[in-house]
Amino acid sequence: MINNDTIVALATASGSGAIAVIRLSGKDAITYIDKHFRSVKDNKSLINQKSHTIHLGHIIDGTREIDEVLVSIFKNPNSYTGESVVEISCHGSQYIQQEIIQLFLRTGCRMANAGEFTLRAFLNGKLDLSQAEAVADLIASDNAASHQIAMQQMRGGFSSEIAKLREELMNFASLIELELDFAEEDVEFADRSEFKELIDRISFVLKRLIDSFAVGNVIKNGIPVAIVGEPNVGKSTLLNALLNEERAIVSDIAGTTRDAIEDEISIGGIGFRFIDTAGIRETEDIVESIGIKKTFEKMEQAQVVVLLFSAEEFKTESQRLKVEIEKIKNRFPQKPLVIIANKIDKITNDELGKLQSQFINLHLLSAKTGVGVESLKDKLTGFVNTGALRNNETIVTNTRHYDSLLKAFEEINKVKSGLEMGLSGDLMAIDIRQSLFHFGEITGEITTDDLLGNIFANFCIGK
Ligand SMILES: Nc1nc2c(ncn2[C@@H]2O[C@H](COP(=O)(O)OP(=O)(O)OP(=O)(O)O)[C@@H](O)[C@H]2O)c(=O)[nH]1
Ligand SMILES: [Mg+2]
């Protein structure tokens, strides 16, 4: 992939705003802007300006002024992409944005593909592949946790950990391969006990990174929490209370919610996706029964299930509820379950006390008055293991990295048992090379055009 052309794209969000930024990158970026820029004060040529300078002037198409703008100049190789980059800050009218972009397309630029600026940064060695992916994660981050992880990955925390292991392993691989050249002499350049120590260390780090994906995946995608229960117990009211918004229709008619309703909020810096579901009951109604089927699917997919009953029912039908709770527990034995008595505003304090002694761990709540909603949020964050996050450890959030780590781990374990069995150097070298390959996949020492295409296609245009 060699890029000889100069690309252009809108870098800010599409639509109108106070200011928009249009970005050019490539060998002719500065020549092109110079053609269409007229300084406000003097007749300066942008070609002769220093890198990292900003210039006030007009974008002109022949004699026509399109806008008054600020132009920032970054000269190759000191820019985001490593090429010459020009950023035009113009007034954020969509008309102006389009006029300027069209002007540069006519001048010789090509419209940038999704993620192409970052792709070029990668190809020019400005960032490695996992850092480039972190750029997309950073843009997508919408809570403190995903932001923290993306920032850490973008700074290169993850890559440097991988690169270090890879280098050490590479050194040993070379020594072992060197031994092969002296096969007749039966020499050992690679100290086997040192090697074993390294393999153990690598295997330990890989295991930690692989395990971190359980947390990372949850942080990146939000934690799905299904709110389930019989009709009319207040599931939709609870959803609204959690979101602080009238998201779902609430009514005293049983069977109000028929389709699952989802929305996300951040609690304690972590994204939670709440799913309000159709109340579970026997029904003849076809639409409702489809909704109920969906409820069970959502429970299946959820990380946590919030099971709601009405406090009044607890009072009058406690035996039945015990059976219902057992049913759910048996159906989803692995799933963290929060059992809630809602509508506690409708029962007396005495009755509340009784309830609590009868059902341990029952969460008391009134979705209507808001009592118990905050403590429910605390309980939910308790389900997320945030230890790694607090300690600022590297957390893997990317499925591609996770896959490569698993494969590398598998190969390293082969090397390990090879060492234990006294496997010959040539066979061991193969396994080592394989694990090196998977390390390289993460940081991008080893890539294919297909892989790059897939990764950068998920970026926005202009990034
Ligand atoms: N007093 C009191 N009423 C509540 C409370 N929570 C919900 N309600 C009322 O209970 C009724 C049913 O509430 P919804 O939130 O629609 O119940 P739901 O579980 O979503 O019901 P379906 O969608 O039919 O399954 C409404 O009239 C709510 O105002 C509460 O904490 N206290
Ligand atoms: Mg409802």
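These residue numbers are counts, starting from 1, taken along the chain as shown.
Yeah, the Cβs are placed from backbone N, Cα and C, and that goes for glycine too.
Per TrEMBL, the features are:
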type	residues	note
BINDING	Arg23, Glu87, Lys126, Lys463	(6S)-5-formyl-5,6,7,8-tetrahydrofolate binding site
BINDING	Asn232, Ser251, Ile253, Thr256	K(+) binding site
BINDING	232-237, 251-257, 276-279	GTP binding site
BINDING	Ser236, Thr257	Mg(2+) binding site
DOMAIN	222-385	domain 'TrmE-type G'
In the three-state scheme derived from DSSP, which category covers Ser236 (Mg(2+) binding site)?
helix
Please determine which of the binding-site residues listed here (Arg23, Lys126, Lys235, Lys463) has the lowest count of neighbouring CB atoms within 10 Å.
Lys126
A correct count of other C-beta atoms within 10 Å of the C-beta of Ala254 (GTP binding site) gives 13
Ten-angstrom check, please: count other Cβ atoms within 10 Å of the Cβ of Glu87 ((6S)-5-formyl-5,6,7,8-tetrahydrofolate binding site), all chains counted.
21
Which of the three DSSP-derived classes (helix, strand, coil) applies to Thr257 (GTP binding site)?
coil
K(+) site, defined by Asn232, Ser251, Ile253, Thr256: further same-chain residues with Cβ within 8 Å of the Cβ centre
Pro231, Val250, Asp252, Ala254, Gly255, Thr257
Could you state the whole-number distance in Å separating the C-alpha atoms of Ala278 (GTP binding site) and Thr256 (K(+) binding site)?
8
Neighbour count, 10 Å Cβ-Cβ cut-off, for Thr256 (K(+) binding site): what number do you get?
16
Using a Cβ cut-off under 8 Å and a sequence separation of 6 or more, which residues in the same chain sit near Ile253 (K(+) binding site)?
Asn232
Among Arg23, Glu87, Lys126, Ser236, which are recorded as binding-site residues, the nearest neighbour of Ala254 (GTP binding site) by Cα:
Ser236
Identify which of the following binding-site residues, namely Arg23, Glu87, Lys126, Lys235, Lys463, place a Cβ less than 6 Å away from any atom of ligand 1, and list them by sequence position.
Lys235
If you check the binding-site residues Lys126, Lys235, Ile253, Thr257 one by one, which have a CB less than 6 Å away from any atom of ligand 2?
Lys235, Thr257
Whole-Å Cα distance, Lys463 ((6S)-5-formyl-5,6,7,8-tetrahydrofolate binding site) to Thr256 (K(+) binding site), is 44
Pick the one among the binding-site residues Asn232, Ser236 whose Cβ has the fewest other Cβ atoms within 10 Å in this structure.
Asn232
Among Arg23, Glu87, Lys126, Lys463, the annotated (6S)-5-formyl-5,6,7,8-tetrahydrofolate contacts, find the widest CA pair distance and round it to a whole Å.
18
Taking only C-alpha atoms and a 10 A limit, tell me which of Arg23, Glu87, Lys235, Ser236, Thr257 are near Ser251 (K(+) binding site). These are the binding-site residues.
Ser236, Thr257
